[in-house]
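Contents: one structure, followed by commentary.
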């Protein structure tokens, strides 16, 4: 803080307007707390009620009119006084207007500095900060120290159920000054005694000759025998000491103390996720059809499918999560401007041109690989021309207008060849070959209408009405190159008649029917052409289907409602958490080649080699409180789920631990057989057991089976929204062996 004028000014506090709509504009007093981690704000009118949010919850600060709300009041307040705080997960933005441009600048710079500081913090600092936050919560009378009653209340808040005698003993041991209260350092000592990791100490002593430290040889043995990191294990052990050992004395001896050992096990290297899979490690030069692509359905919706709000924020959020296929439903709008909304419903409307502007700003911020814009077009020919104009003028060179090399393609291009490009998926007049050899003269043509809402699910007994035909403008048709939408007749028809740039869309039930009836043919189809699957029209609440079934047959564009948290989006986040989160994951070899693979019967696969996965769930750390009821403590259990081919679908859970969310210990082993590891995802879920009603969700973590690191590992849990709930974690031991 010293010397930073922005932060000094934020500590003093500022009155700003909080804006929710054109009519809702209210003054609030905003102030940075002394911890430089919390923003406190209150209404000028209501007596004591105030709110706070953590700087760690803020993902970004946008300057000027960069949200729909601020754009709607643009004429009233100049951009240099406006800014938006964007929160992580699915929480709404906070739109603010300062009294002067200078005050806005102060908060924009200050917030960015705080966010940057937080991102650069080491584990130890983060933990100390976390302890400090708890201290502030518990120090009810703000006197900077804590009496025993405040400590007891704090333990409840922290999810610790501890008998009074034990708590008092720890309190007295920490109260070095014997003042009957704990000051800052004494509280940290109390916390460290409270969080002593018996499970890690036990493991440490198993490998340590003298019980005090791990010598270099002992650490090498641990890394080799337990963590199964055999390559250059001596170099690796030296690196770990250098990186995680806090004691200089131990470092000089090339040794590791229990503190260093715990730091290593809690670090990214001690995590269950293989760090080598975090970066871009896959071949990106294969045809598009060889990848699974992170895809969103009705991207403009941020709520349900009938009355929900349409918003450009839907696109920003999806693109920031690495999504590479977004969707627009276009209809004729006022003053010749096409609009985007869920047709025949009460969802609100946004302009098509605003969506394309967002695409031009956000498409390649997280990933440089191509974005597919899936257009469901209900516009008149006149407004289709306007759409084509916006695509060309706003996207410019980003818009792919012709084949990569100007020739008729013999295979789909690769993500590498299409870097930085937006591909339009939609109807097209005639064939790509005609466009390459020479443009036709016609200004519009007739194509069949494509309307998801009219797709009555295939399990319904009603016959689909013959689809009406629709006029398509040549200008919009020319924007479609490699993703020409066509109606699907049969796999045989596709094999003999289809072009590789043609793409068909299926409702989830139609896709499931095809998987059951002809899985192996579906796999073959997907080696050459793109397939899109989308949720049933019955899912008006924006719920999701299980994407795993579709990935099992190699469907590339498996579109989900990104706004809805749950197991399905956890699987999507888990699959795409690898390969630099670039939104493209290379399919396994047997989903790219000519060998026959049927997910219903994987035993016929060449090189079929089932594995045994053994997971010892050892302990949990600082699981968040989910039930707000006074005095309630979590009764946690851990469920491990395998998602993959039908034979691999399985789940098992530990018993629940009574009243301990702070440091529950299980030491329970769960075992699974995995027949097709290349397609499997493993999901860890922690729940609060409730014998009378449904268990409450506490946290989860999902990752590809092939990205698991063996040995003693921490799993850093995530919220329903996929955001970090640090320092909540699980400690496990993992072994993967051949099924002899």
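Using N, Cα and C of the backbone, Cβ positions are placed for all residues, glycine too.
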Of 404-436, 437-469, 470-502, which range does TrEMBL call region 'Disordered'? 437-469
Restricting to CB pairs under 8 Å, which listed stretch, 8-116, 126-161, 162-197, is in contact most with the domain 'C2' (591-719)? 126-161
For the domain 'PH' (8-116), the number of residues DSSP places in helix, strand and coil: 32 helix, 41 strand, 36 coil
Remote residues contacting the domain 'EF-hand' (162-197) - C-beta distance under 8 A, at least 6 residues beyond either end: 128, 131, 134-135, 144-148, 151-152, 155, 262, 619, 621-622, 662-663
